[in-house]
Every structure is written in C-alpha cells, then in structure tokens.
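If you look up TrEMBL, you'll see 45-510 marked as domain 'Amino acid permease/ SLC12A'. As annotated by TrEMBL, transmembrane segment applies to 48-68, 74-93, 125-148, 154-172, 184-204, 278-297, 317-338, 378-395, 407-429, 450-471, 483-501.
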Amino acid sequence: MSKDVEAQAVYYDEKTPTSVDVEEAKDADGGMVEPGLHRGLKDRHIQMIALGGVIGTALFLGTAPALADGGPAGMFLGFAMMGTVVYSMMACLGEMIVHTPIAGGHIALAQRYVGESMSFAMGWFYWYLWTILYPAELAACAVLIGYWLPDVNVAVWITVCLVVCTFLNSWSVKVYGESEFWFALTKIILIIGLIFASVIVSAGGNPKGEVIGFKFWGGENGPFRQYLGIQGSLGQFLGFWATLTRAAFGYCGLENVSIAAGEAEDPKNNMAKAIKRVWIRIVIFFVCTSFVITLIMPSSDPNLRLGTGTAASSPFVLAFTRVGISALPSVINAGVLCSATSAASAHMYLSTRALWALSHNGRAPAIFKRTNRWGTPYLCVIATFCFGLLAYTAAGNKTAWQIFDYFSSMIAVVGLISWCGIGFIYIRFHKACKVQGFDRARLTKYRTPDFLQPFLGYYTLIFSGLVVIFNSWRVFMKGRWDVAVFIVGYLPIPLFFIAYFGHKAWKKDKMVPLELIDLETNSHEEDFGEPKPLPTTLWGRFVHAII
C-alpha cells in the first residue's frame, strides 16, 4: 500500500487494543503485551484451553437425546458433519489470529477486516453468550453435586461454585490457565478411559459376556430414527438434522482460544500449535465418542430422555448399567462435575475478556477497561459475578435442568451465528489479501492449503447459517407449537441484526474498503518479543510434542 493509503488504513483500526497509537507495554521477558493485560498463559495452558473449552456437559449428557433423536448413524453423522464445519471455522480463524494475535480475538478482527458495526454486534453477542451460560452452568454444577447429597439445598452448592469460579478469575491469568490445564487433563483421561471401556464392553468384556458389536445399528433401532413419528427417509433425515444443533452446542467454544491470544506468551507459535491440532481433538473427543456410544446404547431406550442433569442420564452410565456394571455412575458424575466447573470458570473468563474488549474499543462503559496489578479486568469480573447470581433462580426449582437445556439450545444458536460471522470475516480477509497483493505465503506459522480457501470460509458461513435457520423448524408443524422452543431457537437472529444495523445507523458506519484493510499492524513476530526456546531435555521435548 502507498503511505497515504496505509495512513488511512490505521484510522479504521485505531480503536483496537493493538493499534499503533496505543501505548505498548512489556512483560518481564521484554515481550509485548496488550495494554492492561499480561501475557501469562504458557504453551501448555493454551493447548489445554483450546481443548477444555469444548469438553463440557454436552459431551457427557447431551449425547443421550441426540442418540434418541437421530439413531446411531444419525448421531454419528451429525457430530461428524458439524465437525467439518468447526474445522473449517477454526482453519479460517487460525489464519487470521496467528497472523494478528491481538486481544479480543475475532471480536477485534471483525473491526479490522469488516467494520465497527460487525465488531459491535459480534462482541455483544459473544459477551451475551458466555454471560448467560455462566449462571446456567453454575446451576448445572449444583444439580450434579445434588446427585450425592440430594437433601442439601442446591443454593449451597451454587454458592460454592460461584466462589470457586470467581477466585480462579480474580488473580493473574496464570491461575486461570493452571486450573484449566488440570481440569482439562482430568477430562481427557476420563474421555479416553470411557472410549476404551466402551470398546471392551461392546466386544464382550462385560459381566454378562454379551458381544454387542453393531447390534444396536439394526433391528428395532435401525441406523436412523423416525423423528417425531415422521415415516420414511424424510423422518430419518430430520432425525439427523435434529442432532446438528446438539452437536453444535458440544463444539461451541472451540473458537475461545482466539480470545486468549492477547494473554498468551509467544502467541504466534502457541496459537499456531493449538490450531493445527484442532482436527485431532474433533476426531477423538467428539466423533469417536459419539461412535462408541452408538455401539453400547440402543437408541430406542426410553431412559435416554430422562433429562435429570446428572450421571443417571449419561448414555455411558445407562449402557454400562445394562450389562451389569453399576459402579460407574459416581465416577462419571464426578467427571461431569469437573467438566461443568471447568466450563463455568471458562465462561466467566470469556465473559470478562469480551466485556474488556468491548470497553477498550469504546463500545461499553470505559470503566470496564480497568485492570489490577495482575492484569485482570477486575470490574468485568465483578459484573460477571453479579450475572452469576441468576443461578439462584434455579434453587428449589425442579425444572432447573430443563432451564439449562433451553439455555443450551439458545447458546448453540448464538454460537452458530458467531461462526457465520467468523466465516464472513475470513472471506473479507482473503479478498483484502488479493486486492492488496498480500502473498499468503507470508502466513508462515499457519496457513491452510490455497485450494481450500476461501471455500472453507463460505462453507462455514452457509452451513452454519442453514442450521440456524432450521434449528427449531418443528414448532411450525401442526400441533407442535411451543413458545419457549420458538424463542430460544429464533430470538437470537433478529437480535443480532438489530444490533448490527442499529449501530450502523447510529454511527453511520461503513465497511472498511478492501484496499484499506490493515494487514500489517501487529502481524510481525518481533512485535511480541523473542519466541520461547524449545525444550532440550528428552522429557521436555516429549511434553512439548503432545501438549
């Protein structure tokens, strides 16, 4: 770009946390940090945050209704298909966030590559997503603890979980990163253990000596279910389609690693490493898990719709109990509780960072920009804590898990809209590279093959959009109108466009012209200090390779 054009390009990005006119600071090692935030997340923290953000109650409990709706083939294909969408989304996000690892993640990228209105809408939507799910996850934690101590008021456990999450998010980001590392490691061990146990049970290694194999893919169960009693291939397809929203909720949060970019050490290398391993996580923790569940649990079992919110409704517990293994419910409930607590802590972290980014960009009260000496936006933490108090509305409410299920459906829709936004942002980024003659070969840390782009961006945008539009189609069937389902399924759509076009009209905002998009600021490795040296010991190299 010419100097004149380059100067204009900075104007469009002047409010982002990494703009050239913002005073920069250095950490103890001399690396650049975002104003107010400290780069305290190590390599292993980033890798586990990328993993831990997608292993929650949805994987342990949400797979039960998915199996009942879609059947074994329907659920497996649903998780696999949504996995391709998530991989495409992360490939697009990865190119952008590794090239420009700035605070605010895709919220900040939306301003840089699209415009202020897109950043405003996506930022507030993203804040809303995690702020609303936070109290719901706290209530879920309390319900899980109530599995062992049903006589204790659920408000006690909500208080305990609220205090724990607030504590983990009030200190240095290193404390949060360390807690997520161990939470995620526990979940990984549990998931891998359940996968192996399921294969053994299916092969006949169970008290009854029953060889199950693919028995539950045939007979009265069949590979697909007739959804809502609709017969033929249409009913089977609709059963498969119903699993997509549940799968989306399970995957929701994988993009969270981009939010941590502003607090990561050696962000370019650590972000690239996390993004490159996304496909492994999708295959092992979602596709493989959904597959082994179809081997050990019949889709016709009415217990799949228990919806208790505890281990009692987990397909793993139901399956192992069927073959005479009754010692696992408490173990799995403990694992799900660990998962829910980790998720609640992550929701608080994401909510606070989204609010901080909005404030830093002038789209939320400036008071939320304040950070303490550890680089924690403490007023954002206090605000999120206040929203967490909504969890007490579930105290004494026997439908607490149903409320969580409604929130889960809404969060899935909001997450899908965010994925649509990421796809659109990438399309703009890719077009800007072409218009400005920016060689994608310069994306040395992470770049998807040229023949896949920008098609992955369009695939993410279109497929996610279709799932959003048809996510609650069943309410339009005769006799199936449900106000609650309609609201959670479709309210987020007009809210997003109201936020986008309302801000556009208020600020008279226009999209950043492709030739003026800033592709250079904060894209150079030297902007973030010297990369950390690779470990030299055998053990260090081993840990670096797997984490």
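Here the Cβ of each residue, glycine as well, is placed from N, Cα and C on the backbone.
Just so you know, TrEMBL annotations are computer predictions that nobody has curated.
The transmembrane segment (317-338) makes contact with the transmembrane segment (125-148): 3 or more of their CB pairs lie within 8 A, with pairs spaced 6 or more apart in sequence. The stretches the transmembrane segment (74-93) and the transmembrane segment (450-471) meet in space: the count of Cβ pairs below 8 angstroms, excluding pairs fewer than 6 apart in sequence, reaches at least three. Long-range contacts of the transmembrane segment (450-471) within the same chain, counting only residues at least 6 positions beyond its ends with a Cβ under 8 Å from a Cβ of the stretch, are 82, 84-85, 88-89, 91-92, 95, 241, 244-245, 248, 409, 412-413, 416-417, 419-420, 422-424, 426-427, 430-431, 440, 489, 493. Counted over residue pairs separated by six or more positions, the transmembrane segment (125-148) shares fewer than 3 Cβ pairs under 8 angstroms with the transmembrane segment (184-204), which leaves the two as not touching. For the domain 'Amino acid permease/ SLC12A' (45-510), the model's average pLDDT works out to 86. Outside the transmembrane segment (483-501) by six or more residues, the chain places 117-118, 120-121, 124-125, 406-407, 409-410, 413-414, 417, 468-469, 471-472, 474-475 with a CB less than 8 A from a CB of the stretch.
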